[in-house]
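Features reported for this protein in TrEMBL:
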- His109: active site, proton donor (ACT_SITE)
- Arg59, Met90, Lys91, Ile92, Leu93, Asn107: (6R)-10-formyltetrahydrofolate binding site (BINDING)
- 2-182: domain 'Formyl transferase N-terminal' (DOMAIN)
- Asp145: site 'Raises pKa of active site His' (SITE)
Amino acid sequence: MKKIVVLISGEGQTLQSIIDACKAGDIPAQICAVIANKANAYGLQRAKMAEIPTALFERKDYADNLVMDRAIGDYIAELGVDLIVLAGYMKILTAEFTQRFAGKVLNIHPSLLPKYPGLHTYQRALEAGDQEHGTTVHFVNEEVDGGAIVLQAKVPIFPDDEVSDIEQRVKYQEQRIYPLVIKWFVTARLTLQNGSAYLDGKCLPNAGYAID
């Protein structure tokens, strides 16, 4: 069975959807550890309730980001994992880390990339008067919220929406599509080749798959 590790910083709602999918057999893989960079991340409690080992790596304990990411990378390497899943991990990974695990790191971002990389995507979409928003699963490379796009899901934005309304719709979609993409990877359907995402041996378009 394939091994995955999940990196988090907060509540862990997306983590919970992955835990549930693994437990149900929808993802044929074992979560061998949950790593957090914040001691108060509730996702650590979710992992413990699921009897999944946890590890904490806080920036204050390391000389710089490079040293911290090397420590995380060494920990992951010792576990022998097949896939690293970023699920609300609010820290930019160093280029050394992303190169070390190239093709083995997935992230989910709350926008329809390449639109709105970075933070506050719901507010930015609302202020721009957008009529739709969404979420993107992509491979991770040195570029922030860059990397080959695998799958996107769209949600509508209505005239009377607030940020919380958009966020609720997006999070629902995230909990649908992230377990699916992880399943594709651990069953060898999804790969990264020469910087492009391939599903079932076919190169995905730049925007990946799109579902409503």
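Just so it is clear, glycine is given a Cβ too, placed from its N, Cα and C backbone atoms.
Predicted automatically and left uncurated, TrEMBL annotations should be read as such.
Location within the structure of each feature annotated in TrEMBL.
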residue : record                                      : CB count, 10 Å
Arg59   : (6R)-10-formyltetrahydrofolate binding site : 13
Met90   : (6R)-10-formyltetrahydrofolate binding site : 13
Lys91   : (6R)-10-formyltetrahydrofolate binding site : 16
Ile92   : (6R)-10-formyltetrahydrofolate binding site : 14
Leu93   : (6R)-10-formyltetrahydrofolate binding site : 25
Asn107  : (6R)-10-formyltetrahydrofolate binding site : 25
His109  : active site, proton donor                   : 23
Asp145  : site 'Raises pKa of active site His'        : 20
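In three-state terms derived from DSSP, Arg59 ((6R)-10-formyltetrahydrofolate binding site) belongs to a helical segment. Of the residues the record lists as binding (6R)-10-formyltetrahydrofolate, namely Arg59, Met90, Lys91, Ile92, Leu93, Asn107, the two whose Cα atoms sit farthest apart are 20 Å from each other. The closest partner of the residue listed as 'active site, proton donor' among the recorded positions, by CA position, is Asp145; the full candidate set was Arg59, Leu93, Asp145.
As a whole-number mean, the pLDDT of the domain 'Formyl transferase N-terminal' (2-182) in this prediction is 98. Straight-line distance linking the Cα atoms of Asn107 ((6R)-10-formyltetrahydrofolate binding site) and Asp145 (site 'Raises pKa of active site His'), rounded to a whole number, equals 8 Å.
Reduced to three states, the DSSP call for Asn107 ((6R)-10-formyltetrahydrofolate binding site) is strand.
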